Amino acid sequence: MADPSVPPVNGLPVVRPQRRATVDTIGTVATGASIGRAARLSARRQRRHEREAARSLATQRLLEDNEGAIIDNPLIHLSDRELRERVQDLFNRWGFAKYAIDIDLFHRAAQVAQRPKHYASLGLPAEEERVFRLQKDATFWDETHIRIPIALCCIAAVVQGWTQSSANAANLYYPADLGMLDPSGNFSNGSKWLFEVQNAALFLSGALAGCWLSDPLNEWIYGRRGAIFIAACFTLTAVLGQAFCKTKWELLVFRIILGLGMGAKASVVPIYAAEVSPARLRGRLVINWQVFTAFGIFVSFTVNLVCARTKAWRIMFGSGIVPTLCLLTMVFACPESPRFLLKRGLYIEAYRSYLRLRGSPIAAAEEMITLDAQLQAAEAQLMGKRKAQSDEELANRPVPLTPLPHGTQQEEYDDYDDYYSDDEDDATTNGKNTSTTEIYDGPRGFRQRITAWWSRMWIGNEDLKGDNVARDPFVLQFRDTNYIKRVAHLVIHKRVARASLAAAVVMIAQQLCGINILAFYSSSLFGGDSSADIHNGVNDLKPLWYSWGFGITNFLFSFPAYFLVDRKGRRWLLLWTFPFMAICLLITALVIEDHQNVAYAFIIVFTALYSFGGGPIPFAYSAEVYPLTNREAGMSFAVFWNFLGAGLLLLLVPRLLPSKSSPAASARTLLGIFTGLCMLAWVFIFLFVPETKEKTLEEINYIFGVPTLRHCRYQLLEVAPYKMDQLVWRWIFPRRERVKKPYPLYRWYDENRAGGNQPVG
């Protein structure tokens, strides 16, 4: 209707808009007042997404070119109002409104996640405050809820060490029984080459195929536990096959199958241990992989000694069935990794898993909120532009023009997503009431857990198609990736490429120090003519006792790593053990010709240093440095270099082993080569391996956002002069002016300043 009180414009009457009901595109009736509220809502949403876009750009810079070496907590930048809105959004995105879960609990958990050091001043209930106070000073023995998952990792490590070391003594007996020796006791034509390939096959097959099965097994067989189960099945098949093989070629086939299981297991188990462990204890829990691998090696050497009198090499190979069966059984008793479940969009299952691992609803909620904040702010940025596209789509999405519920204040509904849910009934799921007990405990009983897990093993990507997943930028981005893309990210993306470099350095360093040569060929290296005598039927156990001493030393001296890895750090242990390991190898090379017992003593010292430095750190370090999206592919990449190095060494070293004509000279040459390689590895560790202690897996993203050149420059120009002054110059030139201690490389955003935008040194 034309308004007569308003003069016409360009000869046309002006029509005053009427306050009458209209119908929007989805058929919702709205009043003129609701249109105004919707317009204000759209403006607020636009401003909010502009702020998020600015934060997203800042995060992108921290993850790619973090010259300031700043570690950020995305929740610090939120006001109290924005924090509550975020929790409400999480509740809707995760679908928790369907279940009997207290949203106020998540509000309190978000406050703790925002300022974890100040939980005591947040006014939490006494029981919840006690939970965080105990967590701060808890030891492994206090974390009762993670004992079963860690026990699973320990048994998997025992299987790894036991099965790979059984050949140490079996090598001395099976060539004669399988027709690989001539009447004089020497290898027949071609058998020497086949013998070397049989020893190297498990590592080469693990490097070229086994470790790369990790990502497909995790994604297609549903999770870390499914991948561990399949890897254990490979191991069980190989152990039985080696024990009952009839020909040398059958033995080779089963050694290859064993390598597939070893590679897959080594790529999954450390990841599982790292993901279920609290950040403050992660180092000492993940190194259980190497500690109990050493224990498996020791037990295998003990079995070898027991069976040596009867030359029962089939029992040596087959004894590994005992821990393998334990592993296959225990995998059903453990919860799935909550990080894997979040990556797949299984939010309720992730919350249930955190409840089992942390034992407290407030602790589970705090860890989930922290993890989600880092994933949305950091990991989705690493994978491309999908998050920016999702933000733009969300900002431009039409706002429903339905009136607010009666009696509701506008400020309580700044985001309509929580009101206009796709679900008609928030209290039911598929027509069934969902109780708090079902959420907190999941399936009850061992049989029910096995049934539930087995029924979901082969689901593939079907769990990524829910409505809640469609609103999660990180899960959307992960769904758009595939195996090839995730492997390509290891060298394409700056942050992931830096992690790949560091992981490759520590893994290759473990092989360059020469420890696996001592583990697999100590019987030949220290046996001299005894090894040949054993092949010829002489029952001399001297080389086997050498191997047994090596095994027990490797195991016992792994325990100092428990006390040092989270206090001093991963990098500190590597830098302090490798130089002394090189010194031990050098002395051994010099005295092995005339004083073999002295040489063996220095080998024991070398093994002790390795056991709490170069032994446990590489696998623990590699399992934690990759972002969640690339973690399986990244660990496969790291294990590839470790197993490839071991396989190549096992192929090449036999040609340098002591010969009958000049045993001391060839042993001295071999040890001298590894002395130089050990120091070369130390140089690469100093330049390219950052420290990761006491950081969450998501905070490590910012550490590897620091450019490699920036890290090298800091180590060479700041740390090296200071350490040289402390260790050398202060004693030679006591009056010389001391070098100042370098400033910390990594800095946190200050939690106590408004906005949290000021870095502290």
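Yeah, the Cβs are placed from backbone N, Cα and C, and that goes for glycine too.
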Given ranges 545-565, 713-733, the stretch to which TrEMBL attaches the annotation transmembrane segment: 545-565
Range from 598-621, 633-657, 669-689 with most C-beta pairs under 8 A to the transmembrane segment (501-521): 633-657
Dominant neighbour of the transmembrane segment (598-621) in 226-245, 251-273, 572-592, 633-657, 669-689, by Cβ pairs under 8 Å: 572-592
Considering the transmembrane segment (669-689), which listed stretch of 285-306, 545-565, 572-592, 633-657 counts the most C-beta pairs under 8 Å: 572-592
Averaged pLDDT score, the domain 'Major facilitator superfamily (MFS) profile' (149-693): 78
